Amino acid sequence: ENIFNGNEEVREVLAFAAALKSGRSKEDQKRLVDATLSFLGLERVATQRVGNTVVRGISGGQKRRLVIGRALVTNASLAFCDEPTSGLSSTDAEALMLGIREVAKACRVTFLIVIHQPRVEVFELFDEVILLAQGRCLYNDPRSQMEAYFSALGFPLPPYVNPAEFYMELTAHDATVEQLATAYASRAETGVSSRPEAAASGALLEDAQRQQREELAEEVDGADAADEEERGEHLVEENEEDETPSSRRESTAASLAGMHALVTALHDDPRSMHPLPGFFGRFMILTRRNLTLAWRDRNVVFMVACNALLVAMLASVLFFNVYQEKAIMYHLSVFFLVSLSLASIPAVNMAMYLEKKVSYLYEASDGFYTAGPYLLSEMTTGFLMLLGATLLVFVVVFPCCAFPFSKFGMVFLLFILFLLVVDAVMQLAAAMCATFIMASTFAGGWLALTSVVNGYNANPKSMPAWLTWLVYLSPFYYLMDGVAIVLCWENQDLFGTPEKAAKYGYTSCEELLKAYGFAGTLGGSSLTPPQWLWSVDVPVLCLMTVGMKTFACFYQAYCVRLRR
């Protein structure tokens with residue numbers, strides 16, 4: 001029940017599943033979703049959010065029914081249900097199990113249900129029963145044969161006792177569990193079915209064991225008598241508070257009506273079958289859901305915008321009119337400090353990747369989609385957030401620092417490529433690490449290392465020769481290299497006269513690039529700075545992003561496993 005996003009609405013959960021796996025038209029999908037909501041008694045909370053620890057949502061019992069509904073709308077042939085009646089009233093529990101039985105028969109769906117001590121009416125709805133204790137199987141055959149089977153082993157069902165409670169009570173005694181498990185194992189080894197005559201011929205009952213069973217039956221009878229007396233004392237009060245006859249009839253009638261609608265929607269062939277969505281179709285469905293959820297979680301978007309605006313205002317105040325009044329090293333300082341500040345924004349995406357990781361594992365294991373469209377949709381959503389934050393920063397910084405707007409487009413592109421690399425590292429950390437602490441430690445260590453060897457403070461000219469290779473692993477270096485080329489190449493505002501050289505610190509762009517080891521000057525490259533920009537800086541940033549995103553995709557697809 002904790003696999004859903006808290007900001008997702010109940011109807012949207014089923015509509016999302018139907019869109020990916022039902023193979024039906026939109027009209028049939030809507031009809032199927034409506035019928036499922038009615039059958040599960042969720043139509044009154046259809047527009048309510050699922051909820052989590054922060055967002056108030058539906059109850060735990062309703063979440064479990066929502067899991068069942070997701071299996072129904074996807075035409076599943078096998079559905080696992082863990083205590084679907086937990087948290088429900090006795091009437092609703094019986095109606096739900098009756099509906100599941102009818103759906104199973106009409107639509108050929110096998111339901112494997114884990115349930116503890118159900119009512120007699122609910123227990124009698126099951127076709128097959130598996131009784132487990134201490135990791136061993138005690139019974140695995142039709143429910144109708146249980147009484148005869150256990151009677152043949154010396155455990156007759158006492159009169160007026162709930163069969164489920166009696167058989168569960170047998171599992172509370174180690175000696176009884178050992179005897180029943182041994183009897184079942186011997187029957188399984190010989191290939192004999194759980195028939196009364198087979199059980200009787202294979203079970204050798206000793207006097208001590210018979211006495212133990214008699215004592216057990218007495219304990220069960222005594223406990224049932226006490227429970228019956230206690231129930232009798234409070235029967236009127238419970239009925240008055242919880243279930244009046246009229247409410248019981250209304251609940252049962254509503255559930256049966258929903259059951260018939262669901263059986264019709266599932267059993268009838270839709271008017272036109274549609275192929276399941278391909279890669280692009282799944283990507284679009286996932287992206288639409290991500291954008292919807294991101295918009296509902298507007299507090300995160302607001303905080304990112306405030307963070308970006310704060311960075312922009314701080315840089316503008318510290319370096320106001322720097323382009324016209326200060327040396328070039330201060331020009332580069334603006335963009336280096338902005339890059340450090342903006343690099344923290346992808347950490348928000350990392351938290352989102354980790355939060356959605358459990359949902360991905362469940363949905364991918366159920367065949368809704370693969371890692372490719374999922375990670376691509378997550379990257380698209382994260383990219384839009386980075387795009388907005390970066391645009392907000394540069395709209396403020398460029399005019400306040402007096403940078404020419406003719407340089408805006410290329411500098412903006414370099415920063416977007418740089419932030420995509422950082423986002424790829426955050427996504428890789430989320431894929432490889434199980435907790436936020438581990439992921440933040442991994443990503444923080446990488447960010448600290450690469451920000452030190454950034455090409456501005458520590459560059460190929462200032463570092464020891466045997467450590468120069470570290471610079472070329474840092475996306476900060478390619479960012480600062482590209483920014484220096486864009487700002488200074490053939491810029492008559494900065495070079496050309498002795499006065500400008502004295503004011504800005506360099507006589508030419510070539511001198512500046514050589515001082516920092518930019519544009520391949522350290523290795524004697526024959527490429528011009530613009531050629532170096534498009535042949536090295538931009539492609540390397542793109543390759544870093546694609547490489548780490550691809551590795552994250554494969555790792556999450558093939559190395560991360562769901563622990564159910």
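Here, residue 1 is simply the first one shown, and the rest follow in order.
Each residue, glycine too, has its Cβ placed from N, Cα and C.
As recorded in TrEMBL, the features of this protein are as follows:
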- 216-230: compositional bias 'Acidic residues' (COMPBIAS)
- 13-86: domain 'ABC transporter' (DOMAIN)
- 283-486: domain 'ABC-2 type transporter transmembrane' (DOMAIN)
- 207-251: region 'Disordered' (REGION)
- 300-320: transmembrane segment (TRANSMEM)
- 332-354: transmembrane segment (TRANSMEM)
- 374-398: transmembrane segment (TRANSMEM)
- 405-422: transmembrane segment (TRANSMEM)
- 428-453: transmembrane segment (TRANSMEM)
- 465-487: transmembrane segment (TRANSMEM)
- 532-555: transmembrane segment (TRANSMEM)
Segment-level pLDDT (mean, integer) for the domain 'ABC transporter' (13-86):
83
Can you work out whether the transmembrane segment (428-453) touches the transmembrane segment (532-555), with the criterion being 3+ CB pairs under 8 Å where the paired residues are 6 or more apart along the chain?
yes
Six or more residues beyond either end and a Cβ under 8 Å away: which residues meet both conditions relative to the transmembrane segment (332-354)?
300, 303-304, 307-308, 311, 315, 318-319, 322, 378, 382, 385-386, 389-390, 393, 397, 401, 411, 415, 418-419, 422-423, 425-427, 429-431, 433, 435-436, 439-440, 443, 447, 451, 454, 456-457, 476, 479-480, 483-484, 487
If you count every Cβ pair below 8 Å, which range out of 374-398, 465-487, 532-555 shares the most with the transmembrane segment (405-422)?
465-487
Count the residues of the domain 'ABC transporter' (13-86) that DSSP assigns to helix (H, G, I), to strand (E, B) and to coil, and report the three numbers in that order.
40 helix, 7 strand, 27 coil
